[in-house]
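Notes for the one structure printed next.
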């Protein structure tokens, strides 16, 4: 270990604390990168536009279901029928035309900002719980 090799003092726990929270540090750094990119897009030239047609499709990543693991599945089977009904309601899908716009022109930076939001969502899905929560929160904050 690093203590045995003399790199760390015997009572030093700072590196251990950092290593235990590496996912939080990664999520924090990733959030900073997303915010910097979004700020750059928001302050870029707004007069450059792109044409959007009704055929333009946003590829939004599929978010994991609320009951992910085996343990949660066993616990959720013990819940009341009311909970099951709520779960079914949450699984309703949006209409395919929900995110469709009529033919129009939008700012190129707005389109890039939406692409950044979708990329952030895609990276957050299936990653560590810390980055998942931070990525979803960042995306929400970008859009609002």
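We count from 1, first residue shown onward.
The backbone N, Cα and C atoms fix where each Cβ goes, glycine too.
Remember, predicted model here, so these are calculated numbers, not experimental data.
Record note: among 59-94, 95-130, 59-94 is the stretch given as region 'Disordered' by TrEMBL. Residues in the domain 'Centromere/kinetochore protein zw10 middle' (2-42) partition by DSSP class (helix H, G, I; strand E, B; coil) as 28 helix, 0 strand, 13 coil.
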